[in-house]
Amino acid sequence: MTQKLTITRPDDWHLHLRDGAALAAVLPDTARQFGRAIIMPNLKPPVTTVEQAQAYRARILAALPAGMSFEPLMTLYLTDNTPAEEIVAAKASGFVHGVKLYPAGATTNSDAGVTDIRRCAGALEAMQRVGLPLLVHGEVTDGDIDIFDREAVFIDRVMTPLRRDFPELKVVFEHITTRDAAQYVRDASGPVGATITAHHLLYNRNAIFTGGIRPHYYCLPVLKRETHREALVAAATSGSDRFFLGTDSAPHARGLKEHACGCAGCYTALHAMELYAEAFDAAGALDKLEAFASFNGPAFYGLPRNTGTLTLEREDWQLPAELPYGDATLVPLRAGETLRWKAR
């Protein structure tokens, strides 16, 4: 049984850092484990221009504690009106590494998102031309579609036509949650990848309801059936370079999670690599963790691998019940429980 595993320093290819006091509270958790992260642009207001991305990047770097090394990889928020010129400027900036597609109303702060992908043809053509990846929240939001079917329907309605019309566009299918999505990414032609979260590797939808409502397991896309979880584990541990680590760590104050209309999102930045190690260990695939966490993402984005390392040791430790979060507190996934791996 492996007791210690040292890997190339990993990256997080899907992260929410928020802003202001919340940013300052959560950034050190990510920087302790990851060399870089793709930063989601769904602030209020959203980050829709290169100028806004540059300012947000500066705020992130200003919040980074002294002695910590971390590179934020910025993204723009795609809207129905994103001009092609902004895409060209984003690519030229050197610090914007993708453009995020949120279907309007799909998740937190997505109200300004895309209402019809056909309205974005100019921006998408520019992205394909300059080589800027499209990062897709892959769910439809129609009221008549069951929430557990949103991802599968998105593949048929949006992803398939998108890939047909822009076959050379680099696309990341973010935080996939279904066997359908895993199979789609595995079999797709052209430059397609996918991020997978630790919580979707470890849990199925029963976790939300065991013994009562468990709001800290509620995220979007929502956890799915066990058959889908098993398919995600198989994809992540397959050795395919199309699948890579993206925590989708999404902090919300405790009072906004434990609420009559609670926010979606799981906070995992504090213990992300420990959770991934648990998932890969359970699958008997610790030897596949380094590629998933440290190699596949940089290869897809055309970036060098990190030069440092991170060590995971088999060691029991108790996760805090809550964490400081500005004037509030934040409850991490599995709060107060014992974890079996420790990152150093």
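Cβ from N, Cα, C; glycine included.
Keep in mind the model is a prediction, meaning the values are calculated, not measured.
Cross-referencing Asp187, Asp241, Asp248, Asp281 against the Zn(2+) 1 binding annotation in Swiss-Prot, which names His14, His16, Lys100, picks out Asp248. Among Ala31, Ala207, Ala264, only Ala264 appears in Swiss-Prot as part of the substrate site alongside His16, Leu17, Arg18, Asn42, His137, Leu220, His252. Per Swiss-Prot, Zn(2+) 2 is bound by Lys100, His137; the candidate from His175, His199 named for the same site is His175. The binding-site residues under consideration are Leu17, Ala264. Their Cβ neighbour counts within 10 Å are lowest for Ala264. On the backbone, the CA of Leu17 (substrate binding site) and the CA of Asp248 (active site) stand 10 Å apart.
For the pair Asn42 (substrate binding site) and His16 (Zn(2+) 1 binding site), the Cα-Cα distance reads 8 Å. Cα distances from His16 (Zn(2+) 1 binding site) to the recorded positions His175, Asp248, His252 are smallest for Asp248.
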